[in-house]
Amino acid sequence: MGTSFFLGNYWLFFSVYLLVFLVGLPLNVMALVVFVGKLRRRPVAVDLLLLNLTISDLLLLLFLPFRMVEAACGMRWLLPFIFCPLSGFLFFTTIYLTSLFLTAVSIERFLSVAYPLWYKTRPRLAQAGLVSVVCWFLASAHCSVVYITEYWGNATYSQGTNGTCYLEFREDQLAILLPVRLEMAVVLFMVPLCITSYCYSRLVWILSRGASRRRRKRIMGLLAATLLIFFVCFGPYNMSHVVGYVSRESPSWRSYVLLLSTLNSCIDPLVFYFSSSKFQADFHQLLGRLLRTCVPWTQQVSLELKVKNGEEPSKECPS
């Protein structure tokens, strides 16, 4: 998190943050409503994992306006300074929370298909809860090292000299941070990527031998969305860890690839959507209710289409 983070076009940062906020927030709020409803009716392990992923995305999105204000002010931090390390900590923690939870989902999906009898005999919900706690701990513990280094090593926030939010590390502090970043890239990105790739490749192979076309399409959509997050959103950022370790300094393009990592909050809902046909049905139902509430004329159009197609109109009262 050196000064290279904020070099470049400030309005590019603002535009990307704003786009992610406007697209990601409503989608993740809707996903939260759907998952809470599903867990109340019939708790399933994969839904608990995806609920945690949704909460992680919402934490990032709720603190994203702080970054938007910062970018709009030319990367000057004019807000209470306590929000600087807090927003930064959540910003980086959610990156690795996503990779860990996506990996947990891939394992859950693979086990349910490859070993269905064994899978049904296991207390999956309790295990999913334990896995969720471990994921939160691993991501938080790794990302907290940056801030421990800051206070322990008397690093100075650059706010003290130029009003920005980013840390300026000395050479001895970089000697600690750069290996930690490399370890994060290996343990929290590369290993999860390998596990996820293995699970989904085996899953696709198993389903190709007898599953319905609809189920295969859903799994392929889930695979595509997951790999898009790993390779496009998180791959370049974690590559900067490797480059930084080799060159002994943060690369100048690190700030731009970090922007890509925020896009996962918009792509994660695709993972939710392809996670199950039940989620798709609940999502469509919730979206229909919102449209009827916000745009009343859509209900009349729906009734007219049903009458035109010879269908029986619903007897429900307008919501």
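First residue shown is number 1, and so on along the chain.
Yeah, the Cβs are placed from backbone N, Cα and C, and that goes for glycine too.
Taken from Swiss-Prot as is:
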DISULFID  Cys84-Cys165  disulfide bond
CARBOHYD  Asn154  N-linked glycosylation site
CARBOHYD  Asn162  N-linked glycosylation site
TOPO_DOM  1-15  topological domain 'Extracellular'
TOPO_DOM  37-43  topological domain 'Cytoplasmic'
TOPO_DOM  65-98  topological domain 'Extracellular'
TOPO_DOM  120-127  topological domain 'Cytoplasmic'
TOPO_DOM  149-183  topological domain 'Extracellular'
TOPO_DOM  207-218  topological domain 'Cytoplasmic'
TOPO_DOM  240-254  topological domain 'Extracellular'
TOPO_DOM  276-319  topological domain 'Cytoplasmic'
TRANSMEM  16-36  transmembrane segment
TRANSMEM  44-64  transmembrane segment
TRANSMEM  99-119  transmembrane segment
TRANSMEM  128-148  transmembrane segment
TRANSMEM  184-206  transmembrane segment
TRANSMEM  219-239  transmembrane segment
TRANSMEM  255-275  transmembrane segment
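Summary for the disulfide-bonded residues Cys84, Cys165: the Cβ-based neighbour count within 10 Å is maximal at Cys165. For the topological domain 'Cytoplasmic' (37-43), same-chain residues at least 6 beyond its ends with a Cβ under 8 Å from one of its own Cβ atoms are 51, 125, 278-279, 282. The stretch with the most CB contacts under 8 Å to the transmembrane segment (99-119), chosen from 44-64, 184-206, 219-239, 255-275, is 184-206. Across the range of the topological domain 'Cytoplasmic' (120-127), the DSSP-based residue counts are 5 helix, 0 strand, 3 coil. Residue counts for the topological domain 'Extracellular' (240-254) by DSSP state, with H, G and I taken as helix and E and B as strand, are 9 helix, 0 strand, 6 coil. Remote same-chain partners of the transmembrane segment (255-275), defined as residues 6 or more beyond its termini with a Cβ less than 8 Å from a stretch Cβ, comprise 4-8, 12-13, 16-17, 19-20, 23-24, 27-28, 30-31, 34-35, 46-47, 50, 53-54, 57, 60-61, 64, 95, 98, 102, 105, 218-219, 221-222, 225-226, 228-229, 232-234, 236-237, 239-240, 283. The DSSP secondary structure for Cys84 (disulfide bond) is helix.
Ranked by number of Cβ pairs under 8 Å to the transmembrane segment (184-206), the listed stretches 16-36, 44-64, 219-239 are led by 219-239. Tertiary neighbourhood of the transmembrane segment (16-36): same-chain residues 47, 50-51, 54-55, 57-58, 61, 64-65, 67-68, 71, 259, 262-263, 265-266, 268-269, 272, 279, 282-283, 286-287, 290, selected by CB-CB distance under 8 Å and a gap of 6+ residues from either end. Model confidence over the topological domain 'Cytoplasmic' (120-127) stands at 85, taken as the mean pLDDT rounded to a whole number. Secondary structure from DSSP puts Cys165 (disulfide bond) in coil. Within its own chain, the transmembrane segment (219-239) has Cβ neighbours under 8 Å at 95, 98-99, 102, 105-106, 109, 184-185, 189-190, 192-193, 196-197, 200, 203-204, 207, 211, 254, 257-258, 260-264, 267-268, 270-271, 273-275, counting only residues six or more beyond its boundaries.
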